[in-house]
Amino acid sequence: MEYHEAVNFLFDLRRFQVKPGTESIRRLLSHLGDPHEGVSFVQVAGSNGKGSTARMVDAMLRESGAHVGLYTSPHFDDVRERVRVDGRKIPKSALSAFVAEAKPYLVERAADGEPLTFFETVTALALWYFDRAGVDVAVLEVGMGGELDATSAVDPVASAVTNVSLEHTAVLGDTVAEIAKTKAAVAPADAPLVTGTTGEALSVIREEAGDVLTVGDADADSDADVRVSYGGRVNHQEAAVTVETDAETLDVRIPLLGAYQARNAGIAVSLARQVRPDIDAEAIHRGLRNAHWPGRFEVMGTEPTVVLDGAHNPDACAQVATVLDEFDYDDLHLVYGAMHDKDHGEMVGALPEVASVVTCKADISRGEDPEILSSVFERLNGPAVETGGAVAAALDRARARADPDDCVLVVGSLYVVAEARTTWTRAVVPKTHRTLDDARRTLDRANVADAAERSERARRAVNRTVHTRVQRRQARVLREELLSVGGDCAVSGHEFGGELVDVVLTGTLDQFERLTAALEDPPYALAGVAAEIRETLDIEAADAGEDDERGAGDASDAGHDDYPWNDGTAVMGILNVTPNSFHDGGEFYDIDDAVEQARAMVDAGVDIIDVGGESTRPGADEVPVDEEIRRVAPVIEAIADLDVLVSVDTRKAAVGAAALDAGADILNDVTGLEDPEMRFLAAERGAPVIVMHSIDAPVDPSREVDYDDVVEDVIDELTELVLLAEKAGIPRRNLIVDPGLGFGKSKAENFELLGRTDEFAALGCPILVGHSHKSMFSLVGEEPGDNLAATVAGTAIAADRGADIVRVHDVPENVAAVNVALASRDPNRFEADAERED
């Protein structure tokens, strides 16, 4: 079964109405062999905050070393976001395999008049995949209520009810007491039910669940078992929180703003302790600080401040208002869209005073008509109200009217927030087609449905080709406009709204110029897509020189004017001052040997020297911070005056800070900013930072990682890391991306990454390729350990495919390879250099 067929089948199940209860999903799970029976589950229910709490539990358990599944809803761009293992989305191949196995049973049940719903089936998908992935524990966000929710097909080892308010009253009941009763049913058999409820809801939960562990505010609820305090914002991304029990006090930071998130953090810590009683404080600190949760008071930019929040009921809107009070701004400009079944009057009434409003509608049938939403504001609030259409266009208008000291808030629905967020996350990936097979593979990966259409369009895909994901209504416009100027556009076979669809655009540069000019028409809400196409294909725009909507400049202009990667491929020389690094471990452990090697690299033409004090080879032990600083800082200080940039290869922010103090220019983090302090260090010091895609560091050779398409999957995951870094205050011009060859990829996948290096230009950042002497070369018959010839060949390929930096051990040979690759494209640059020397 092809992926688009599987996804279309799942979304077609949305036509079936919700029937509360677990009998249907239990039967499906039985048909699948009861995959849930071998997995430990944590269940998180609540009217608000259950998704944030589930994410915090997931992050802490992963930091403790557990293999963790996470199931949440709804999704933003891709249904696979709902099901994750260790932070990675379920592969397309696994989703397709599940649907192929479950479809006959689901069709039979529908024929009998007992169809399963979309949510029931996707919940079964999650439980099936968690078993297949062999997770240690899985965290489930309850969909609605508790007792009759599909997630209650499992017997949890730990559970929570975050809070209770009026919601889904037609199903759950008309009172807080009734709703609390159904939520209390998630209580585990052998552990207290953790809850942040108060008043009547808490009384009902105590009566229903019996054994309860309460979490409350330290001031108001001094009798709570776990007491939390909210210390307010410490920067524009993080808040200080204290979690206190009779046994310990934890002062932590969380990347989720708002006093209510402090209570969620207390609940999450309690759940993590129940699952892993021996979890240490460091895992709790790092887990909470890495618990990023998109669309929950997510600050996307400054000047003006832009905030995305998926608040979709009155209580959540009131919470947004309290968090906004922590920010200083002049006027508030609102982008508002919501579902038709929500209490719009109460939601609008809970929001703070606004200067202007643009209403909008997400690309989903449940979305409320923007005219109706406008009338609500006109009656209740009285600001300047504009009736909009598409979310992207509404966001553009709000940002255009906001001054630098104002705030733009997108609120009302996670579906609306999801569409707005693509302004920052959408990637336009350039494709190089050397053969018809290359073109066919691009169309296959984009899930173009019809085989004949794939074959026909492959023959046309011989000019410039890019691949991106947009809303279906935007895909229709792209196709019509590109066809009208003589280009071609293939669209994936996804048939249902609310899910982004793949588009593959092919044409000459002239055709793309005409397309992007047409897309500037405001009704299309595609100006952002046009800007990204121009940037990817290096097309001059009428407003050339301005940054795109994400604030990213052209990749070729990324960084300071003097950075060597702005003038062709730069060579980074590896200087390991360790006793055990692979290939050169121990050779430069002595400081005098290290300095001598650095000088030799400079003489050979190196552009950057990368100093590392900890090995990431398989089985390497972690080096304490003090020892790593002792190794790298003196070497960096000794070579800082050389005519070369110096980077430090470390995954620890404390080591990075010491290295910068010693004279380093660049931070090279092989864990992709896993240390939450690293991104703030880079922002504060203004240092470029290399962000690598890695699964494990040190490398775990036994770890098997599933990719559908390793290049596009890595681009997808790096997109969020780049956005995370930008939100911390690092300008995109200071971000360098590393696909992470050798880190959680097979040998064949490493070669795929090398051969398609140019596609990483979609991220708008310089690209680093690190392939030196790696075991990947055994795929082509090279002996492990010393692969100089293969490394040099790889360097030439990387330079030819657009790498901005290559990281290597052997500088002279690789400088020569880079020069040959550059000369093959632009020999005149070398003639000019020779004339200057003469």
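Using N, Cα and C of the backbone, Cβ positions are placed for all residues, glycine too.
If you look up Swiss-Prot, you'll see G46, S47, N48, G49, K50, G51, S52 marked as ATP binding site. Here Swiss-Prot flags N576 as Mg(2+) binding site. What Swiss-Prot lists as (7,8-dihydropterin-6-yl)methyl diphosphate binding site is T616, D649, N668, D738, K774, R807, V808, H809, and the listing cites similarity to another entry. Marked as domain 'Pterin-binding' by Swiss-Prot on the basis of sequence analysis: 569-819. The feature region 'Folylpolyglutamate synthase' is assigned by Swiss-Prot to 1-418. Marked as region 'Disordered' by Swiss-Prot: 541-561. Annotation source Swiss-Prot lists region 'DHPS' at 571-838.
Cα-Cα distance from G49 (ATP binding site) to D738 ((7,8-dihydropterin-6-yl)methyl diphosphate binding site): 34 Å (rounded to the nearest whole number). Taken residue by residue with DSSP, H809 ((7,8-dihydropterin-6-yl)methyl diphosphate binding site) is part of neither helix nor strand, so it is coil. Note: the ATP site is recorded as G46, S47, N48, G49, K50, G51, S52; in the same chain, V44, T53, T162, N163, N264 also have Cβ atoms within 8 Å of that site's Cβ centroid.
Cβ packing within 10 Å was compared across the binding-site residues D649, D738, and the lowest neighbour count falls to D738. D738 ((7,8-dihydropterin-6-yl)methyl diphosphate binding site) sits 40 Å from G46 (ATP binding site), taking the CA atoms of both as reference points. For the binding-site residues listed here (G46, G49, G51), the lowest count of other CB atoms within 10 A around the CB belongs to G51. Reduced to three states, the DSSP call for G49 (ATP binding site) is coil.
N668 ((7,8-dihydropterin-6-yl)methyl diphosphate binding site) has a Cβ environment of 27 other Cβ atoms inside 10 Å. Counting neighbouring Cβ atoms within 10 Å of each of the binding-site residues (S47, N48, S52, N576), the lowest count belongs to N48.
Long-range Cβ neighbours of R807 ((7,8-dihydropterin-6-yl)methyl diphosphate binding site) (same chain, at least 6 residues apart, Cβ-Cβ under 8 Å): M572, I574, D610, D738, L768, V769, G770, H771, S772. In this structure the residues listed as binding (7,8-dihydropterin-6-yl)methyl diphosphate are T616, D649, N668, D738, K774, R807, V808, H809; their two most distant Cα atoms lie 18 Å apart. Cβ neighbour count for V808 ((7,8-dihydropterin-6-yl)methyl diphosphate binding site) (all protein chains, 10 Å cutoff from its Cβ): 28. Taking CA atoms as the reference points, N48 (ATP binding site) and V808 ((7,8-dihydropterin-6-yl)methyl diphosphate binding site) are 50 Å apart. S52 (ATP binding site) is 30 Å away from N668 ((7,8-dihydropterin-6-yl)methyl diphosphate binding site) when you measure Cα to Cα. Cα-Cα distance from N576 (Mg(2+) binding site) to S52 (ATP binding site): 40 Å (rounded to the nearest whole number).
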